[in-house]
Amino acid sequence: MARRWSTKESQRRGSAWLLLFLAGVYGNGALAELSENVHISGVSTACGESPEQIRAPSGIITSPGWPSDYPAQVNCSWLIRANPGEIITISFQDFDIQGSRRCTLDWLTIETYKNIESYRACGSTIPPPYISSQDHVWIRFHSDDSVSRKGFRLAYFSGKSEQPDCACDQFRCGNGKCIPEAWKCNSMDECGDSSDEEVCASDAHPPTTTAFQPCAYNQFQCLSRFTKVYTCLPESLKCDGNIDCLDLGDEIDCDMPTCGQWLKYFYGTFNSPNYPDFYPPGSNCTWLIDTGDHRKVILRFTDFKLDGTGYGDYVKIYDGLEENPRKLLRVLTAFDSHAPLTVVSSSGQIRVHFCADKVNAARGFNATYQVDGFCLPWEIPCGGNWGCYTEQQRCDGYWHCPNGRDEINCTMCQKEEFPCSRNGVCYPRSDRCNYQNHCPNGSDEKNCFFCQPGNFHCKNNRCVFESWVCDSQDDCGDGSDEENCPVIVPTRVITAAVIGSLICGLLLVIALGCTCKLYSLRMFERRSFETQLSRVEAELLRREAPPSYGQLIAQGLIPPVEDFPVCSPNQASVLENLRLAVRSQLGFTSIRLPMTGRSSNIWNRIFNFARSRHSGSLALVSGDGDEVVPSQSSSRETERSRPHRSLFSVESDDTDTENERRDTAGASGGVAAPLPQKVPPTTAVEATVGSGGNSSAQSTRGGHADGREVSSVEAPSVSPARHQLTSALSRMTQGLRWVRFTLGRSSSTTQNRSPLRQLDTAVSGREDDDDVEMLIPVSDGASDIDANDCSRPLLDLASDQVQGFRQPHSAGNPGVRTSNRDGPCERCGIVHTAQIPDTCLEATVKTETSDDEALLLC
């Protein structure tokens, strides 16, 4: 019996070592031989918060607990990464997941991109192979809290889509892709072009299932995982914790060994079944520790090694005797395979539960417990409540006592120095547990029950810098430095946000500036189009109509023709009609045409009006001599206060009807009557100017010779009237000189001006004045003027200052016509409107008068 046990133990140990280097791929009776870079799925972070990252070129992934039922409410994920430029091929070998419509209960997904599903499967049908388009693949498995099934088992292989040649254990597809030889003729298209299934019709045959002799009563039939053929194995290899059969038939449906006990002492020990040998698969043990003391219980695992294949084996430790999830202290798995492991309860009671799956096994664990402050019989107290240490732990280079008592005075180290190991290297206490290795083997940073100031103590008795706590990186190795961290935005994120905000603000300011600049340029262009024309452009664009034929004849520029209308006692001339129309529209007000847009300036208009009164400028339209003069002065003042009544064109007067002319009031409010004949008083002329009188007399006699009627009314011999006439003639002489000088200077710049334009010096000499005045020619109806003289326009007396001269003259001698502008020149007998001959100017009396008085024009 002892010999048999020895043989079984040796076989068990050999199988355990083989499991560390070999892995079988179970699928349709075929076995793929994988290299040392093969990944075998086990208990890992795949079913935790983060996915398990796999970088091996090939491997096997199984669901938790396969081939047993997977647990409920699990979420596992794997991330397979291949080399750049390679693709990943996944082939399912076993698949049994709870089925549902659209796979909403339990499901398996394969994704090329995270959170973007490209493949979802459930049920009992083996899915077809999956060939990725990228160098990475996400695999996710989910189960609900209802039905559980066997799960899945898949194999993956990564390589280039086209390769010139393949390895000896690989098959080259028709498209140049390489796959494992075991995938050939397995009724699945792993190549993508079905070339691995084309040559299977003739040579394909099922795995070796030839008949063999029945096994003995103490043997069982098994498909050997080593020879790939069915063989008979002794019953002793069944349920021994070692997998001998390819289908795991020797380790399935084994009876659970009884283990566990109730511990009621202040200290004690316990271990896994068969320790230090492998514990049986499917072990399920519970230890209840009740010291009967209120003090804490210290549980220490001196040796710990669990299996990690499948869902894995675990040890759960509870604070108390109840299996209460809220009082779970710690869960130990295959990833905690390091010693010592210490767990401290809050009371004198602890519950330890060990569970193993039915796949493979490991050495197990050995644990001790004791009440805080007590030591085991074979231990040495560290002093106070610092714990205990064994003789083997004395001077081994590792602190088993928090105060380092087990490492004091061990070697040739100085006082307050500790050895790194037995090689004689020492370090001071200040270098202990400061996250800086001073010993070659790092013993100064192991078993750190306390850390130096500025360091953080991890749950696995390691020390890290405090600045590394809650930095989103696992520096402790167990994630304890990232637990219970407040949600704080990293400084880098804040800096990036501030810089981004500044850049965005700067771009916004630049955009606003550009927008404002473009808007200003646009408005400037629009204003440039809307700007009023300058005075020069206005003069060039606003051409005046050429003078009429009658005006040219009246000015003496062309000789008269026979068929042109002439003045007669019974018919008014065309110019007289024009004069009457303008007078009816303006009410004896001077026509003032705006030169530029600045005519709206009231101050310039007031200034020009004052200048016209004091500088000798003449109004162009006046009332008749027979009309009441006092009302004319008040009417002129009233009309001057109307700035827009003068804005009428001369051409518009020709369209007035006869009724409008008849009904339009003149200066005195009546209808404008034909002008009376004018005979210059001979006595007054002779008294004033000799030569001028002779000329006037000759002109008068010439008129009588032609048969024209002349008024017989003579001028009164009253001395005041003669004095006023003399003063008026003197002022007329000065005005004629001024007009000659002005017209001579502006003749070169006003060639295109109409005779109806102004003769004001302010307008003809400068372009800055705003208003111009028109001289309206009139026609006299006297019969003593010949046809040529009647065709010429007559000047009207426009100065308000001569009213005193005209009123007494008319009042004293109603039969005699007062001296005004409506008449021929005393010198030549012609009515001058634009230019006055030099002979007429030389014949006038050179009498200087005040500028404040009105000037009479010939």
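One-based numbering along the chain as shown.
The backbone N, Cα and C atoms fix where each Cβ goes, glycine too.
The compositional bias 'Low complexity' annotation in Swiss-Prot covers 712-721.
As annotated by Swiss-Prot, disulfide bond applies to C47-C76 (among others). According to DSSP, C76 (disulfide bond) sits within a strand segment. Sequence-distant neighbours of C76 (disulfide bond) (same chain, 6+ residues apart, CB-CB distance under 8 A): A46, C47, S63, P64, R140, F141, H142.
Taken from Swiss-Prot, the feature disulfide bond applies to C103-C122 (among others). Within 10 Å of the C-beta of C122 (disulfide bond) there are 24 other C-beta atoms, taking all protein chains into account.
In the structure as shown, the Cβ atom of C178 (disulfide bond) sits within 10 Å of 20 other Cβ atoms. The disulfide bond feature in Swiss-Prot is assigned to C166-C178 (among others).
Classification of C185 (disulfide bond) by DSSP places it in coil, neither helical nor stranded. According to Swiss-Prot, the feature disulfide bond maps to C185-C200 (among others).
What Swiss-Prot records for C215-C232 (among others) is disulfide bond, and it gives similarity to another entry as the kind of evidence. In the three-state DSSP assignment, the secondary structure recorded for C232 (disulfide bond) is strand.
In the three-state DSSP scheme, C222 (disulfide bond) is classed as strand. Annotation source Swiss-Prot lists disulfide bond at C222-C245 (among others), citing similarity to another entry.
Per Swiss-Prot, the feature disulfide bond maps to C259-C285 (among others). Around C259 (disulfide bond), the same-chain residues six or more apart in sequence whose CB sits under 8 Å from its CB are S272, P273, S283, N284, C285, F354, listed in sequence order.
The Cβ neighbour count for C382 (disulfide bond), using a 10 Å radius and every protein chain shown, is 20. Look at C382 (disulfide bond): DSSP puts it in coil. What Swiss-Prot records for C382-C401 (among others) is disulfide bond.
Sequence-distant contacts of C410 (disulfide bond), defined as residues of its own chain at least six apart whose C-beta falls under 8 angstroms from its C-beta, comprise R394, C395, F418, P419. The disulfide bond feature in Swiss-Prot is assigned to C395-C410 (among others).
Within the same chain, the residues at least 6 positions away from C426 (disulfide bond) whose Cβ sits under 8 Å from its Cβ are T411, M412, C413, Q414, E417, F418, P419, C420, listed in sequence order. Sequence annotations record features per position, and here Swiss-Prot assigns disulfide bond to C413-C426 (among others) based on similarity to another entry.
The disulfide bond feature in Swiss-Prot is assigned to C433-C448 (among others); the stated evidence is similarity to another entry. Under the DSSP three-state reduction, C433 (disulfide bond) is assigned to coil, being neither helix nor strand. Here C433 (disulfide bond) comes close to D444, E445, C448, F450, C451, Q452, N455, C463: these same-chain residues lie at least six apart in sequence, with C-beta atoms under 8 angstroms from its C-beta.
Look at Swiss-Prot and you will find C470-C485 (among others) tagged as disulfide bond. Sequence-distant contacts of C485 (disulfide bond), defined by Cβ-Cβ distance under 8 angstroms and a gap of at least six in the same chain, are V469, C470. When secondary structure is read from DSSP and collapsed to three states, C485 (disulfide bond) falls in the coil class.
Here Swiss-Prot flags 165-201 as domain 'LDL-receptor class A 1', drawing on sequence analysis.
According to Swiss-Prot, the feature domain 'LDL-receptor class A 4' maps to 412-449, an assignment based on sequence analysis.
Per Swiss-Prot, the feature region 'Disordered' maps to 619-721 (among others).
Taking a C-beta cut-off of under 8 angstroms and a sequence separation of 6 or more, C215 (disulfide bond) has the following same-chain neighbours: Q221, C232.
C382 (disulfide bond) is 63 Å away from C166 (disulfide bond) when you measure Cα to Cα. For C47 (disulfide bond), other Cβ atoms within 10 Å of its Cβ number 20.
On the backbone, the CA of C122 (disulfide bond) and the CA of C401 (disulfide bond) stand 54 Å apart. Separating the Cα atoms of C222 (disulfide bond) and C185 (disulfide bond) is a whole-number distance of 24 Å.
Nearest Cα neighbour of C382 (disulfide bond) among the listed disulfide-bonded residues (C103, C178, C185, C200, C245): C245.
DSSP assigns C178 (disulfide bond) to a strand in the three-state reduction.
Calculated from their C-alpha atoms, the gap between C185 (disulfide bond) and C178 (disulfide bond) amounts to 14 Å. Around the Cβ of C401 (disulfide bond), the same chain contributes C382, G383, W386, G387, C388, Y389, E407, each under 8 angstroms and 6 or more positions distant in sequence.
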